[in-house]
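Each remark here refers to the structure printed beneath this line.
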Amino acid sequence: MLIIFLFFNFCYGFNEPLNVVSHLNHDWFLFGDSRSDCNHINNLKIKNYGYLDIHPSLCNNGKISSSAGDSIFKSYHFTRFYNYTGEGDQIIFYEGVNFNPHHRFKCFFNGSNDVWIFNKVRFYRALYSNMALFRYLTFVDILYNFSFSIKANICNSNILSLNNPIFISTNYSKDVYFTLSGCSLYLVPLCLFKSNFSQYYYNMDTGFAYGYSNFVSSDLDCTYISLKPGSYKIFSTGFVLSIPTKALCFNKSKQFVPVQVVDSRWNNLRASDTSLSDACQLPYCYFRNSSGNYVGKYDINHGDNGFTSILSGLLYNVSCISYYGSFLYDNFTSIWPRFSFGNCPTSAYIKLNCFYDPLPIILQGILLFLALLFIVFLLFLVYHG
């Protein structure tokens, strides 16, 4: 029987990498949207778990922070807000689709959604790289030494309103300070309009801004800075101060563990982007994707078989997670587990040219088994004299 096992192991391989997101133990957490929002099922006209891309048995395990219609990027920048909060050693992200080219957001009528897609890439790159080093994620408000009675109403559309950052005139009489305390690290936006000249008229009653800028960038260009706790002063050489109001809070440092990201996209009938794959880079991130179009069972954008298969890895532990996929065992594999963590295969097996008939192997196994029985019988006779 051992020969039969070795035959199939070496010639066919029992430990190929699986295209799933999974975990080594029960210390994991998932951040998602409607495709993993079990609470949203109760809001449907017909309570149908086919709406989800995760298995319903995961709904009450306390390891998922998801909200239909939301994303971490959207909650970070806009008034539409969900407080994504969770903790785990192995972090999985399956969200992001709720801000993409389909929404066509831009700050101005003649602005550019492309600038915002670049912002999205930079945001998720910073999020993923930081979460490889921390267990805990949540949102926090940034508090100031005074309230802003006058602020510019910039970057609004019929679907979203920007509230992080907000903008005030640099002629404001008070110095602007903020303090960060309570978290190990903060992700804070620094957004500006790249311009050589700007002039605005502020409505003192409504705070609405009318104006002109000689833009180099046609929209709001953001970078995302990881700041340690401390007191900060904001100053600018421009005409407008960009004031951050929210930050991502990272807490409870851990040994480096790459995050796992599942592509978040629509059916091909809607425009999607490649922001998540662009942001998810080695060594801090593993990217998982389905090879086909997203075609849901509940509707075309919910319940796709390919992505359900990828998320099915959350139902069980694996031995090893790597760039190529997850491994169930730590023995042999045909694909070396590059950039891996966990108990991973120690060597790649040599794939032999196994073209011979397996029947002789089976007969050898039977003969080996009979030989073992005969030896046991002889030992029995010797023992009983």
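Heads up, the Cβ atoms here are built off N, Cα and C, so glycines get one too.
Residue-level annotations in Swiss-Prot identify, among ASN145, ASN317, ASN145 as N-linked glycosylation site. For CYS59, the disulfide partner recorded in Swiss-Prot among CYS38, CYS107 is CYS38. Non-local neighbourhood of CYS38 (disulfide bond): LEU52, ILE54, PRO56, LEU58, CYS59, ASN60, ILE64, SER66, each in the same chain, at least six residues away, with C-beta under 8 Å from its C-beta. The recorded positions shown are CYS222, CYS285, ASP299, HIS302, CYS344; of these, the one with its CA atom nearest the CA of CYS107 (disulfide bond) is CYS222.
DSSP classifies ASP299 (active site, charge relay system) as strand under the three-state reduction. The two recorded residues CYS191 (disulfide bond) and SER34 (active site, nucleophile) have their Cα atoms spaced 29 Å from each other. Look at the region 'Esterase domain 1' (1-121): DSSP puts its residues at 40 helix, 18 strand, 63 coil. Residues near ASN251 (N-linked glycosylation site) in space but far in sequence (CB under 8 A, at least 6 apart, same chain), listed by position: PHE134, ARG135, TYR136, LEU137, THR138, CYS183, SER184.
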